[in-house]
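According to TrEMBL:
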DOMAIN    12-224  domain 'Glucosamine/galactosamine-6-phosphate isomerase'
ACT_SITE  D67  active site, proton acceptor
ACT_SITE  D136  active site, for ring-opening step
ACT_SITE  H138  active site, proton acceptor
ACT_SITE  E143  active site, for ring-opening step
Amino acid sequence: MKIIKAKDYKDMSRKAANIISAQVIMKPNAVLGLATGSTPIGIYEQLIDWYNKGDIDFEEVTTINLDEYRGLDKNHDQSYWYFMHKNFFDKVNIKEENINVPDGSNLDAKQACSEYEEIIHAAGGIDLQLLGIGNDGHIGFNEPGAAFELLTHCVDLTDSTIEANKRFFESKDDVPKQAYTMGIKSIMQARKVLMVANGIGKADIVKQAFFGPVTPEVPASILQMHPDFTLVGDEEALSKIDL
Ligand code: GLP
């Protein structure tokens, strides 16, 4: 486990974008596992900026997103498909056919999830998986208690996650109650994992996840066992750990 301390959100985003950029330069046809949430937005902005300057090229890149709400069509403005297009894909030269997000409109959970695992497999696995961290330690939508051996599956969102995500919807009732998410096993199979965390609100969970016991109660804690895991956090998010 490598921990990189950044001054602030901008510095965190730039450092993480540098790691992604290095991956794409070393392997132009890299398979990038991408994440939503507010934390990675600065990374996407930085990558778009470097793309506009001609410093990075996404022509051959494949992307595999972590998760999607079950029941939201991709054109719904709160779907993760929509989020990724608005914040990143529409602004770089990634090919639409190389973009993968679980199909939230397919209500057949079993089929949607097994198809997604086939996509990951057919792409040759994920070279670099980007992650944020939920307040309760969730990664993707793997909530506390999720078994470490799960592949892509359907989850019931916890009240804490619905509460945290309601800011994006008109009301709490509009937040979908289920999602399709890559499982912990799918995430652990990525060759490299990069997590970003910022703000004082993440300080406790960062400490618990990376300086506490490895337990399904804190899903992110399993990353302590990943052979190539890097956490880039700002000063606030890392303020409760002794580096
Ligand atoms: C959502 C996403 C996660 C993300 C988490 C934290 O639940 N499914 O992938 O890490 O939110 O979001 P934020 O970065 O906004 O704190």
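Using the three backbone atoms N, Cα and C, a Cβ is placed for every residue, glycine included.
Curation does not apply to TrEMBL; its annotations are automatic.
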Among D136, E143, which are active-site residues, the residue with the most C-beta atoms within 10 angstroms of its C-beta: E143
For D67 (active site, proton acceptor), the number of other Cβ atoms found within 10 Å of its own Cβ: 24
Close-lying active-site residues around ligand 1 among D67, D136, E143, where CB distance stays under 6 Å: D67
Distance [Cα-Cα, Å, rounded] between D67 (active site, proton acceptor) and E143 (active site, for ring-opening step): 12
Alpha-carbon distance [E143 (active site, for ring-opening step); D136 (active site, for ring-opening step)] in Å: 8
